[in-house]
């Protein structure tokens with residue numbers, strides 16, 4: 001009996017690296033998908049960096065809302081950079097290997113920044129609620145100290161909520177197979193590859209993910225419900241239409257993010273629907289980061305004006321040089 005147990009243990013080989021499978025069904029279209037996703041990635045990065053630059057360069061945008069938006073844009077850049085470069089490599093060369101340590105590091109950073117994004121979205125919703133529904137108290141509540149404290153709290157909550165389950169998962173036994181049916185190291189596929197009993201970790205992660213998504217969703221719903229009530233009381237139909245147009249755009253992005261994340265993470269059994277999780281993950285890592293710069297700020301008239309002023313300052317010296325010639 002002892003020899004049998006020893007034989008079984010010896011046949012188990014510890015996994016030192018994983019293989020990211022990507023999208024094998026469309027591998028023949030790898031170069032086309034590479035170009036599409038590269039364009040989306042560069043557009044997202046440039047859009048978010050443009051927003052950050054404009055906000056910090058124009059004193060008229062030094063307000064709490066734009067402070068939160070600049071932090072949101074920065075975290076979005078970090079969030080997609082955690083995943084998309086590896087996805088582009090997979091499209092070019094097929095399956096990609098990733099070391100054990102790098103895989104769990106990617107998983108943690110992805111979940112940490114993802115949770116932080118949702119907490120920031122709730123802060124943005126709360127900020128808009130105070131600005132629209134409590135305008136007299138807004139400057140007092142949203143002072144610079146409170147703004148920094150809220151952003152720091154979002155980062156701290158994202159870190160502490162995600163570090164525990166990922167650290168616990170990394171301590172489990174992985175003895176093969178080592179192929180991850182995904183384009184990055186996500187919690188569900190990694191859980192499915194472990195040879196250990198993962199039920200307690202899956203339940204813990206489910207509860208934490210439910211709290212992150214649920215709490216931010218409740219805050220967002222309450223904030224926007226009060227905003228809608230306030231908008232309905234506006235005397236001008238044109239003002240109501242403009243306000244509803246902005247809110248509907250924000251809610252569209254929020255809906256895409258919440259639905260895709262609920263589909264991926266809010267299920268007790270992380271091993272289920274792994275194939276469909278890849279497509280849902282593309283919504284959060286490609287689609288919404290592409291829409292966020294357009295919807296949150298580039299449609300904003302103040303940002304448009306700041307951008308026009310910046311461009312005019314660049315063109316002015318050129319026109320002056322032309323007149324001198």
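Cβ coordinates are placed from backbone N, Cα and C, and glycine is handled just like the others.
Of the given residue ranges 32-56, 282-306, TrEMBL assigns the label transmembrane segment to 32-56.
It is 147-168 that, among the stretches 32-56, 147-168, 203-231, forms the most Cβ pairs under 8 Å with the transmembrane segment (108-126). Same-chain neighbours of the transmembrane segment (147-168): 64, 67-68, 71, 104, 107-108, 111-116, 119-120, 123, 187, 201, 204-205, 208, 211-212, counting only residues six or more beyond its ends whose CB sits under 8 Å from a CB of the stretch. With a cut-off of 8 Å between Cβ atoms, the residues of this chain six or more beyond the transmembrane segment (203-231) that come close are 115, 118-119, 121-122, 125-126, 128-129, 132-133, 157-158, 161-162, 164-165, 168, 187, 191, 240, 243-244, 247, 250-251, 254, 258, 261-262, 265-268, 270.
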